[in-house]
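Undergrad: The structure that follows is given in the form of structure tokens.
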Amino acid sequence: MQRIRIIDSHTGGEPTRLVIGGFPDLGQGDMAERRRLLGERHDAWRAACILEPRGSDVLVGALLCAPVDPEACAGVIFFNNSGYLGMCGHGTIGLVASLAHLGRIGPGVHRIETPVGEVEATLHEDGSVSVRNVPAYRYRRQVSVEVPGIGRVSGDIAWGGNWFFLVAGHGQRLAGDNLDALTAYTVAVQQALDDQDIRGEDGGAIDHIELFADDPHADSRNFVLCPGKAYDRSPCGTGTSAKLACLAADGKLLPGQPWRQASVIGSQFEGRYEWLDGQPGGPIVPTIRGRAHVSAEATLLLADDDPFAWGIRR
């Protein structure tokens, strides 16, 4: 029998499953190399942890790793039901909250290595977490895609740690009782982008679709379709970073000015940015602040005679 030790948390309603023991050894390379090894040689462990019957399509997994730099707090590899993520904002907040719950860190600034670079997380005295993300930028403005059954949809392509297609003029109602329609709409947009080979820089797959609308209690409300076709319950840390990059590029948000981003279920992140290297008009360095709550400590058991020990593959 195999055992996987986990800490579950949620950040604004979006769950994170932190793996703290039981996965195969991935060597001493950087997080990008370890992610490659996990995907190529040990992907069954991701599936066992995230897929049904032990997980769900809503879960984001976070494998806790020893960092390359001994001055860093931790390394982490993020994954979900469809594969691997470069960075995850809500997951980083969940990681920090879980490490604090375990007594491994206290309030202060902590460096975390990810497959797309190092981020800086601050655990505040009130329990909230700020994540100083990897640089974000808008790659292309108002790109149009013809979506079968919908028509022409225009949006910005931006990087916030993952690739996003950000749409404001969509005509959809962003509400918790309209999730099926929102999912169908964003899935169709994502499929059209893929079919028409519309991609991020260097051919990066656009695997997140983000819709925006007004919100009475925040600067904006969003609906984010994640890889694997689940929607983000949180306001999405990397998605908010991509949004800040677009606002900065359009001159609609000043450096240091707060931006309150609400999710489709009403949870909120606060975002701010500064220009990378102090150069206006280029990439930004976004900081996202939110809160996570630990919901479980558990050990997943993978019995030798369990036909679904390694997940239900569809």
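Every residue gets a Cβ built from N, Cα and C, even glycine.
So Swiss-Prot has the following annotated:
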- Cys88: active site, proton acceptor (ACT_SITE)
- Gly89, His90, His208, Asp232, Gly237, Thr238: substrate binding site (BINDING)
- Cys236: active site, proton donor (ACT_SITE)
Undergrad: Provide the three-state secondary structure of Cys236 (active site, proton donor) computed with DSSP.
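TA: Its secondary structure by DSSP: coil.
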Undergrad: Using a 10 Å cut-off, grab the number of neighbouring Cβ atoms around the Cβ of His90 (substrate binding site), all chains included.
TA: 34
Undergrad: What is the interatomic distance between the Cα atoms of the residue listed as 'active site, proton acceptor' and Thr238 (substrate binding site), given in whole Å?
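TA: It is 6 Å, counting Cα to Cα.
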Undergrad: Check the DSSP secondary structure of His208 (substrate binding site), expressed as helix, strand or coil.
TA: strand
Undergrad: Taking only the residues the record lists as binding substrate, namely Gly89, His90, His208, Asp232, Gly237, Thr238, what is the largest Cα to Cα distance between any two of them, in Å to the nearest whole number?
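TA: Roughly 14 Å, rounded to the nearest whole number.
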Undergrad: Using the centroid of the Cβ atoms of Gly89, His90, His208, Asp232, Gly237, Thr238 as reference, list every other same-chain residue with Cβ within 8 Å of it (recorded substrate site), in sequence order.
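TA: For the substrate site, the extra neighbours are Glu14, Cys88, Gly91, Gly160, Gly161, Asn162, Val224, Ser234, Pro235, Cys236, Gly239, Thr240, Ser241.
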Undergrad: Please state whether DSSP places Cys88 (active site, proton acceptor) in a helix, a strand or coil.
TA: coil
Undergrad: Just counting, how many other CB atoms are there within 10 A of the CB of Gly237 (substrate binding site)?
TA: 32
Undergrad: Using a 10 Å cut-off on CB atoms, tell me which of the recorded positions Cys88, His208, Asp232, Cys236, Thr238 is the least crowded.
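TA: Each of the recorded positions Cys88, His208, Asp232, Cys236, Thr238 was scored; lowest Cβ tally within 10 Å is His208.
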Undergrad: For Gly89 (substrate binding site), what residues in its own chain, 6 or more apart in sequence, show a Cβ-Cβ distance under 8 Å?
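TA: Listed in sequence order, they are Val131, Asn133, Gly160, Gly161, Ser234, Cys236, Gly237, Thr238, Gly239, Thr240, Ser241, Phe269, Ile288, Gly290.
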